[in-house]
Amino acid sequence: MLAPRGAAVLLLHLVLQRWLAAGAQATPQVFDLLPSSSQRLNPGALLPVLTDPALNDLYVISTFKLQTKSSATIFGLYSSTDNSKYFEFTVMGRLNKAILRYLKNDGKVHLVVFNNLQLADGRRHRILLRLSNLQRGAGSLELYLDCIQVDSVHNLPRAFAGPSQKPETIELRTFQRKPQDFLEELKLVVRGSLFQVASLQDCFLQQSEPLAATGTGDFNRQFLGQMTQLNQLLGEVKDLLRQQVKETSFLRNTIAECQACGPLKFQSPTPSTVVPPAPPAPPTRPPRRCDSNPCFRGVQCTDSRDGFQCGPCPEGYTGNGITCIDVDECKYHPCYPGVHCINLSPGFRCDACPVGFTGPMVQGVGISFAKSNKQVCTDIDECRNGACVPNSICVNTLGSYRCGPCKPGYTGDQIRGCKAERNCRNPELNPCSVNAQCIEERQGDVTCVCGVGWAGDGYICGKDVDIDSYPDEELPCSARNCKKDNCKYVPNSGQEDADRDGIGDACDEDADGDGILNEQDNCVLIHNVDQRNSDKDIFGDACDNCLSVLNNDQKDTDGDGRGDACDDDMDGDGIKNILDNCPKFPNRDQRDKDGDGVGDACDSCPDVSNPNQSDVDNDLVGDSCDTNQDSDGDGHQDSTDNCPTVINSAQLDTDKDGIGDECDDDDDNDGIPDLVPPGPDNCRLVPNPAQEDSNSDGVGDICESDFDQDQVIDRIDVCPENAEVTLTDFRAYQTVVLDPEGDAQIDPNWVVLNQGMEIVQTMNSDPGLAVGYTAFNGVDFEGTFHVNTQTDDDYAGFIFGYQDSSSFYVVMWKQTEQTYWQATPFRAVAEPGIQLKAVKSKTGPGEHLRNSLWHTGDTSDQVRLLWKDSRNVGWKDKVSYRWFLQHRPQVGYIRVRFYEGSELVADSGVTIDTTMRGGRLGVFCFSQENIIWSNLKYRCNDTIPEDFQEFQTQNFDRFDN
């Protein structure tokens, strides 16, 4: 037995000698901090130690026991005056955490948290805190629990240099004893090596992970590695030395007992029988017993007849009971693949599951435990935890996930979110009211519009008798069109109410509430009881924009409140009328290329002198330069048409290069062709040479929701591909009188309301038109038609494709059959019902065109009847009708429908005519007063309706047969 012990001692000697040769650390200086210690250090004396700038390493060692799940501050250094913390170590049992707080150099407290520590479990624990370089910055902290390193923290901020209080105000506090709790040891150690300090707790450190070398050079790294590997061997040497001391003591006692017996006495036999005595037997060594602690620590020892017998090695070790070697459970792969396994002495610990997985941090002892308690990490289904935006496709992968596009029925992306994609074709995804029409706009947007005879926001619709887009009763929605109609039976889409009495002006007999009925009131919409009228025109002073000048038209070009009749600068351009070459058109530059005295801004022939501005055919082109040569029939003569051979009545030229969009290969002039490679341009009307399209929907980012960049989003833009037209507006209009000669009747009087979306004609007049200035290619035109009187029974309607006063389409409705009272130039008979006519008059406005319009049927060289309602039913007094017109001049498609309430009462069906290839819109009257055209709407639309293809197929088959 001596040989192995001697070898172990020799090995220990060599290791220690090598350590000494490498340079031993200074002797540790130990301060006992327990209040019961006779050598207890005054807390104030700790400060010079803790704030010594030459101090590199500082150690705190403590032994304690806490009840399960309890929390306590083990020790701390505080100011007795303001209770501020300098240093504190706290255990939080319920959270399995420990917290170290210390005062930083900037006067703030720094906090270090140690997780997954079971310190409050009713068992005795030893901790060792090693703090390094805290006075120099970038310090580090190591925590050892029961002789095993469990955590380390680096790059700690610099600690305090010293307190502002006097040393005698510094106070050390330890945790208050409770039943079954105790603080056995609390010491502060300065200087010395980690292994020297650890030995104070009877620890030969077995680290959970390799320590980083604290010195520099290959020798120090090699030395620390060897010391780590020999930690366990040193523990065994300690056991052997303890056993050797006990055996040596036993031998000494045995020898002493033998000497006490004295020398042996022999009786000399006779020579004849002398037998030489046998040599004395060597003393018998007593068998070794359990009281000499021969077994490995923790192994049960049993005395036996022959000495002792050791039980099996503890769980986590392997050996014969005397010598037990730690088992590396990590070799049996107890941890989840990819998770770091840490071999402990004894036992093992698995790190946390990888990112994207969830599972326990397994810790145990022994091969059996490692084999039967494998760490299980379950993939986290991030898709169930809302990793992607709602209503988008989420693909869960092992340890991760991937977000995809929006689910079917939703639109958007991972940045904007996925919103329900309203789908008009799928009833389940159609959000509209059953009494509303679902319209799919550009880029998939859906708009709900209440059907004819209904009003509301499209999601909720209520009855609307007068079809002016306001319901008869208020609806439970917040949109403007959910409010109750203030004139239930008279269409008034502007809901004007001058006296705010809740009754709209259109149906209020005293609209201004001054006690004077409208028929006698000279200011119908302005309260004026005195009815004063200085200039004796039809407008009282309260509403007259020229008090002393008779002006029944009340025209005010610049909208400054002063009528043109008394305004010396009608257009408000700063140039007096007498000097202004365009008195009704603002033009401060007064440019006049042809020198005819009429500025270019208002000159109907800017390049040809025409001072009288004669325009017989009312096409806005002066007679002096009007050639009427129009190759493509779109209403623009070839000399001014920006696409002379391509139909483009709208004359849109986005890039202002003189070439209309309809014949321009690059409308926005950004270098990307509209259709051919390297196009097509994903923003045809907005320059974007880089063609950015972040959501890959084929529409460039710059024009995603506003294709023409006119600052009106496509959903409410009446012409999403024309920046010059955004809303329906007839406030600017041209009056065209179709029978200017004679005095058979007077000219029409037009009143425009609701910001240009409602027109009222008040007089029993000659045939006339109010024509807007916006020209259209394909267009949808709708409005509500209402005759608000029981007097007379003549024509009212609307026009489209207007090119000049001799060329336009008209839809006109007569109430009763009647022969025109002027028999010259021919007898004209009007039949009741709706008529669709193409006007192409060789004479233009006059008696021929007048009688041709009145007559139901074709009139040579004047009017062709394209369709007539076969019912021969006239309009009813004070009943509202809604019309819908579709015109696609590129193919000659025309279709018009009329509704009474929600009932379709007339439908022209598909009508093909190419007489006018586009033009302007307006309204028409002939000998009928008090006509209301309400809730007017137009919309650019070049899409060919589906029924056109059906019509072509049917007619082709008919022709083929």
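Residue 1 is the first one shown; counting continues down the chain.
Glycine residues also receive a Cβ, built from the backbone N, Cα and C atoms like all the rest.
In Swiss-Prot, the cysteine linked to Cys403 by a disulfide bond, out of Cys388, Cys418, is Cys388. Cys582 is paired in Swiss-Prot with Cys602, the candidate among Cys602, Cys605 named as its disulfide partner.
If you go by Swiss-Prot, Cys301 shares a disulfide bond with Cys290, out of Cys290, Cys313. Among Cys683, Cys719, the cysteine that Swiss-Prot records as disulfide-bonded to Cys703 is Cys683. The disulfide-bonded residues shown are Cys313, Cys418, Cys424; of these, the one with its CA atom nearest the CA of Asn941 (N-linked glycosylation site) is Cys424. Annotated pair Cys448 (disulfide bond) and Cys438 (disulfide bond), C-alpha to C-alpha distance, rounded: 5 Å.
Within the same chain, residues at least 6 positions away in sequence whose Cβ sits under 8 Å from that of Cys940 (disulfide bond) are Ala650, Val718, Cys719, Pro720, Glu721, Asn722, Val725, Phe776, Asn777, Gly778, Val779. Ranked by Cα separation from Cys295 (disulfide bond), the recorded positions Cys324, Cys566, Asn612 are led by Cys324. The 10 Å shell around the Cβ of Cys487 (disulfide bond) contains 19 further Cβ atoms across the protein chains shown. Sequence-distant neighbours of Cys546 (disulfide bond) (same chain, six or more apart, CB under 8 Å from its CB) are Asp535, Gln554, Arg562, Gly563, Ala565, Cys566, listed in sequence order. Counting same-chain residues at least six beyond the ends of the domain 'EGF-like 2' (326-363), those with a Cβ under 8 angstroms from any Cβ of the stretch are 116, 148, 206, 208-209, 232, 314-318, 369-371, 373-380, 382, 398-401. Within its own chain, the domain 'EGF-like 4' (420-462) is flanked in space by residues 391, 406, 408-411, 468-473, 475-479, 481-482, 485, 697, 699, 704-705, 707, 714-715, 720, 882, 899, 901-903, which lie at least six positions past its ends and keep a Cβ under 8 Å from the stretch. Less than 8 angstroms from the CB of Cys507 (disulfide bond) sit Asn486, Cys487, Lys488, Tyr489, Val490, Asn492, each of them six or more residues away in the same chain.
Cys310 (disulfide bond) has none of the disulfide-bonded residues Cys324, Cys341, Cys418, Cys424, Cys523, Cys663 nearby, counting only those with a Cα within 10 angstroms of its own Cα.
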